[in-house]
Structure formats: structure tokens, C-alpha cells
Amino acid sequence: MDLRPQGRFDARPWLYRASPGRPAAYLLDSARSLAGLSVAASLSVALARVAASPATYFKLIATAALWGATWVAARIAVSEAAPLAVASWRFLLAALVLGALLVVREGWPRWSVGEWLTLSAMGASGIFLYNVCFLYGMTMIQAGRGALVVALTPALIAASDSLLFGAPMSPGKALGIGLAAFGCLLVVTNGHPYLLIAGEVGLGEWLIIGCAVMWTAYTFLGRRGTRSLSPLAMTFGASLTGWLMLTSAALLQGSLFSLAETSWRGWSAIAFLGLFGTALAFTWYAEAVHRIGATRSAAFINLVPVSAVILGAVLLGERLGVAVLSGGALVITGVYITNRAGAKLASGANFKEKAA
């Protein structure tokens, strides 16, 4: 086995490789990946990685709370300005903050053509198309209801991982995905699934489903990007390319400067979206994907609708029906089952590997 570091960031092995949930394998992988350093230094870094894992989970919980609040902030912002203009200013703020942090911490990035292509794809999916679906969807449906639809995302990621990348699919995992899909159907149709067959589901609901699809693509592209980019560099690059696309679209639409008469409340919502809902939350999510993987990180998206429903009720006076809340509960339960089954599959595979 070739134990020499591979790639630009192999000198920082805490960015990826084995799972913090498997301390023994985690320590061994860390020690091996630091070939060329002393055993003591290798184990020191590895122990730091295991000890730091609770912080990763705390950041994921905080990220979910921030993303729940973005649904409310988006409703406020698009009530006063055009959605494309809101998105453009949001990611301008995010790119400025992320760019400054990147230069201070890592220096000015020098990306290869392949890295630019990956970042552009991330910007197109997770920034441009996601925000088009998200912000236009928020002009049509309630914030809490939209967040319950997007709660389907972790199950969609798990299903895509199995279909596209050969991840194992157990009966429990399939059951969880099915429950989440049915719950999403209840939320989208307001408790009347036959409306989907009748073609009576509104554009707003389809746009929010588009958010889940775009975030799934962004997550897998991000997993590819972490092979050579740090979480901060990757988030900045995606935000920058996505901002360029959003700004171009807003200029073509003629809405980029429609915020001239926006109130302090609208600007506060945009600032929150850019600084906390994007710069901070996106970076924390990217770090988590590095450390514990895409599927386990995505499981924390379950907390987003909880935050969004509570904040929507408190700040916007939204009230969701029993059918919608029941569907949301099914989505969250299904995703929980999906990730529990996935964790058991992973632990079983690790046991067999060690036994062999």
C-alpha cells in the first residue's frame, strides 16, 4: 500500500477519510495518512480529530437552526424585493466575507481548470438553481410548509447514493426512503395525494421539490470538491460562481437594483441570509461532509423544518394543518430510519472488513 500523501490537502488529514464515529479506525487512518511524521505526532493529530467530533455535531445543529431561520428571512425579503435581486445581494455579502476569510487563512486560491468546473457546477446547482426555486417558491407557499418538503433531502441523498454510486440498500433503508417520500407527498398536496395525479399541485410546491433535488446535487459535488479543496475554499468558490450567475440573471431581468425602497426589515433579512444562512452555515456544512460524510451530515437537515415551523408561527403567524404536520412527521421519521439503517450497514461492513 502506498502511504504517501496524495493531493493538495493530504497534509491536513482531518479534512476527510475515516469517520469520527469509528475511533479505532479513525486513529489508525490518521496515523497512516501522516506518513513522514513521527508516530507520536500522527497520533496526536488523530486524537485531536476524535476529540473535535462533538464540535462537528454542534455546528450541524446550529447550521440546521440557521437554515430554518432562512425560510422566514426569505419570506420577509421577497415580500419587499424581486427574488433574483435578493439572491444576488445575499451571495454578494457571503462571497465578500468568505473571500476575506479565505485570503487571511489560506491565501488567495489558485484553482485548476477541473476545480473551476466543479465549483461552477456547485454554483449552478446549490446556489443559482436552488435559490431560484427557493425564493420564487417562497412567494407562493408558507415558509414552514416549504421547509417540510425540503426535509425530504436526506432520503433523496441516500437513494441517489445507492442508485448512482452503489451504496448498499437494506430493507430498512428502503422503508425509510418510502416513508419520507409519502410524507413529502402529504405535505405537497396538503393531505390530498390524489391531487398529484390530477395535476393540481401548484408551482410553488414543485419549486420547493426542486430545492431538494438541487441540494442533493450540490452535496455530491461537494464531496468531489473536498478531494483537493478546503471547506472554506469550496464554499467561497461555489458562492462566487453562483453569485455571478444570479447577478447576470437579475441584470437581464432588470431587477438587480429593485432594493432601493426596501425597508430596514428587508435589508436585515437579506443580511441574515448572506452572513449567517450562507457564509457561516454553508462552511460548517461543508466541514461536516468532510468529517462524517454526506449521508450522516444530511441527516441533520431533519432539524430545519422544526426550526422553520416554529419561527414561521412566531414571526409570521403561519399555521399549518394537521395533514401537513403529519406528513412532515413522516418525512422526519423516514429520514431517521434511513440513516439508522445506513449506519448499521456501515458498521456491518466495517466488522466484516476487520474480520477478513
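Heads up, the Cβ atoms here are built off N, Cα and C, so glycines get one too.
Predicted, not measured: the structure shown is a model, and the values here were computed from it.
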_transmembrane segment according to TrEMBL, located in which of 34-51, 322-339_ = 322-339
*Among 84-104, 147-167, 203-221, 233-252, 298-316, which stretch has the most Cβ pairs under 8 Å to the transmembrane segment (322-339)?*
147-167
*Looking at the transmembrane segment (233-252) and the transmembrane segment (84-104), are there 3+ C-beta pairs under 8 A, with each pair at least 6 apart in sequence?*
yes
*For the transmembrane segment (57-78) and the transmembrane segment (203-221), check the count of CB pairs under 8 Å (sequence separation 6 or more) and say whether it reaches 3 or more.*
no
*asked:* Within the domain 'EamA' (58-188), what mean pLDDT does the predicted structure show?
replied: 87
